[in-house]
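Here's the structure we're looking at; comments come further down.
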């Protein structure tokens, strides 16, 4: 383990990332695994207008499981017309899908640089997708001549929305996509902790797991803006420096759960270049967008970012009139500015339930010990067991001689993390575990789970509903290679490196170890990517 970082200082300002020049597009792209090459280039316009707040009626986005027959008829007709537009029209169905491909799969560089432009795995994730959905919604509304039309949201964070919404599961509908996992059609309950294989959980057990995911990602692990939104991304920075909590899970897991694993890259939803070809993509991201609004109501430091390089960053989209429009992140912080809000529905995960300790289970039987409030003889037994366990651990040291510049995560990795004595709890709001230099082949689906003080427990069987669970890293596959590189046998652009940051203050408190000098970290790989994940270091930060 590297030396721990202390309080994170303010970052020196660079400049906002510049949106790509649409004239400079790389094509074709190689999705990998034998899938046909793709062309994601967007139409070129010589005129770009600045966005102005529209004079539109306030619209309410409704849960996709609660829409009326009249709404379904209107929505399917809008998609019928969208699919009927000429392929050269920037509003057309495939053009709309290509917007996501273009800005998520290396079709463009940051303007004025040779650096790939990427809207995932950074603080761009939430605002870029909010604007993307906004213009898609306006195009559909225009096609049916109804300014009151609003997209639905797939309410997969509540029991009433845990299955694929019926209107998307009708093979005769314009909202249907054949490239979905056939095992996950109704009445299958979505698995927000999906690890690329089918679980044997009952529906009720799955509901409990899903609630644990949501509480962890929205509440305990997302106490600060940087944890929720992701890492800063400025002009000239390498793309994808690090995702926020929700982008990793459940956003990433729902993508892969919905796509078809029989396809080369889990198309459509399971890989970014094709995800928006499935109309359910926009309902999925409607819920992700809704979670941004909910997060800001949960108190504490849960507020929007204020960095000027974030607020002044711009994106460009074609609107309902086929005009290329420039928008700012600053204009999208409040949904009211874009004239929409969300239906109020139950939020079951916000009510925390007691989490058992996996380690306590070895002493007290299948029910485990409650956490917090593990006290008395049980607490002492666990501490004694941990002392014996850590004798066999060494501090994490990156093997710099390794070709991948880090330790490969081909099996469960365990490391001892020492905490700095000079940092006092009063000086910070959150203790953050940083898994630094996570290197993945970005065209492969990747997931690993992180636990704290998980001692003498079968890692292959433990889930996310235990007190020791700290979080999950998820990579949704995305195109990494230009066809020209593929033909030359070049593979370096497949590899991406980012940092994975986990807010762990509540985990330490639940385990009653917030005053300990050290703790053990266990990293459990889920699935087997062709190119193993590697990790450079593990350290602590404080915000």
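The backbone N, Cα and C atoms fix where each Cβ goes, and this holds for glycine too.
TrEMBL: automatically predicted annotations, no manual curation.
The disulfide bond annotation in TrEMBL covers 25-41, 40-101. Feature annotation from TrEMBL assigns Cu cation A binding site to 100, 120, 129. The domain 'Tyrosinase copper-binding' annotation in TrEMBL covers 120-137, 278-289. The annotation Cu cation B binding site is assigned in TrEMBL to 251, 255, 285.
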Task = Could you put numbers on the helix, strand and coil content of the domain 'Tyrosinase copper-binding' (120-137), residue by residue per DSSP?
result = 13 helix, 0 strand, 5 coil
Ask   = Mean pLDDT for the domain 'Tyrosinase copper-binding' (120-137), as a whole number?
value = 99
Query = If you take the centroid of the Cβ atoms of 251, 255, 285, the listed Cu cation B site, which other residues of that chain have their Cβ within 8 Å of it?
reply = 247, 252, 254, 275, 281, 284, 288, 476
Residues from the same chain, set at least six apart from the ends of the domain 'Tyrosinase copper-binding' (278-289), whose C-beta lies under 8 A from its own = 61, 64, 79, 100, 126, 129-130, 132-133, 136-137, 151-157, 161, 164-165, 168, 174-177, 179-180, 246, 251, 254-255, 258, 268-269, 335
Remark   = A correct count of other C-beta atoms within 10 Å of the C-beta of residue 129 (Cu cation A binding site) gives 23
Request  = Provide, as an integer number of angstrom, the distance between the C-alpha atoms of residue 251 (Cu cation B binding site) and residue 120 (Cu cation A binding site).
outcome  = 11
Request  = Starting from residue 41 (disulfide bond), work out which of the recorded positions listed here (101, 120, 129, 255, 285) have their Cα within 10 Å, and give them in sequence order.
outcome  = 101
Ask   = When the Cα-Cα distance from residue 100 (Cu cation A binding site) is computed for each of the recorded positions 25, 40, 255, 285, which gives the smallest value?
value = 40
Inquiry  = I need the neighbours of the Cu cation A site defined by 100, 120, 129. Which other residues of that chain put their C-beta within 8 angstroms of the C-beta centroid, in sequence order?
reply    = 103, 104, 119, 125, 128, 132, 272, 275, 285
Message = Give me the CA-CA distance between residue 120 (Cu cation A binding site) and residue 285 (Cu cation B binding site), in Å, as a whole number.
response = 13
Ask   = What three-state class does DSSP give residue 255 (Cu cation B binding site)?
value = helix
Remark   = DSSP, reduced to three states, assigns residue 40 (disulfide bond) to coil
Query = By a simple count, how many Cβ atoms lie within 10 Å of the Cβ of residue 101 (disulfide bond), its own Cβ left out?
reply = 27
Request  = Determine, using Cα-Cα distances only, which of these recorded positions is closest to residue 40 (disulfide bond): 25, 255, 285.
outcome  = 25
Message = At a 10 Å cut-off from the C-beta of residue 120 (Cu cation A binding site), count the other C-beta atoms across all protein chains.
response = 24
